[in-house]
Amino acid sequence: MTKVIQTVSEMQQITQELKSTGKTIGFVPTMGALHEGHLSMMRRSVEENDITVISVFVNPLQFGPNEDFDAYPRQIDQDVALVEAINVDYVFHPAVEEMYPNELSVTLKVGRLAEVLEGAQRPGHFDGVVTVLNKLFNIVSPNKAYFGKKDAQQLAIVEKMVEDFNHPIQIVGIDIVREEDGLARSSRNVYLTDDERQEAVHLSKSLEIAQTLYKQGERRSHIIVGEIKTYLSEHTSGHIDEVAIYSYPDLEVATEIQGQIFISLAVKFSKARLIDNIILGSE
């Protein structure tokens, strides 16, 4: 039976007692509106740990002034039913007032890693992410925490935060979960119109084109970026926010591709901004 915990003090007490008896804890932080991408991380945690805790908390600190905080889907009963079916032990579901009873006097600020890609598009976003994660890690005290590779920049930042702040936590990156037609699973996919949903499949197809070019030996970033942009402009009505290639996980601009690289794209449809990526050179 999955238990829903709503206070910081109770969650801390539970996890401290579990740790004192030698139990290992896996943690999957989410903002709810769960989909198969989230569930795949939770299944992995259930396999690898004695206890699995997830959080469902829509964190206001990571939303900008013109972003969809109020509109972000909230469906806690449905989320709990989903995680109960895969044997998640605890859902930490605090109110905003519980997590932030007073205005924070101290927040974290991400440096260079947040100056590109999503961080450049959404100033302050990753500061909000690492601030809430720092709190959640202190509350849950997990042995392992699971993050999706769809948010690869976030994954790189979280790994660096854990290293910089000496959190004794292993960060586990989980491969992107996709629909049958290739669209990356996302809570924001529900905002797409029927026509946009048909077009959105071309995000992953454009990355397949990039992968083919890479395998054929193309190492000039501007050539690969140009091919992706041309394909997206021909096959979607969305606004191409960004197509970029960086080294990974250092997120340095890569004009000539060497080593492991990260191709990221973002396309803004009428009510949803979708991101997708592929990491190459790790094989």
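Each residue, glycine too, has its Cβ placed from N, Cα and C.
Pulled from Swiss-Prot, these are the features on record:
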type	residues	note
BINDING	31-38, 148-151, VAL177, 185-188	ATP binding site
ACT_SITE	HIS38	active site, proton donor
BINDING	GLN62, GLN154	(R)-pantoate binding site
BINDING	GLN62	beta-alanine binding site
Problem - Candidate with sparsest Cβ neighbourhood (10 Å radius) among GLN62, GLN154, SER187, the listed binding-site residues - result: SER187
Exercise for the section: Sort GLN154 ((R)-pantoate binding site) into helix, strand or coil using the DSSP assignment. Expected result: helix
Fill in the blank from the handout: Same-chain residues at least 6 positions away from LEU34 (ATP binding site) with a Cβ under 8 Å from its Cβ, in sequence order, are VAL56, GLN78, ASP79, LEU82, VAL83, SER187
Exercise for the section: List only the single closest residue to GLN62 ((R)-pantoate binding site), chosen from the recorded positions MET31, GLY37, HIS38, LYS149, VAL177 by CA-CA distance. Expected result: MET31
Problem - recorded positions compared (HIS38, LYS149) - the one with the fewest other Cβ atoms within 10 Å - result: LYS149
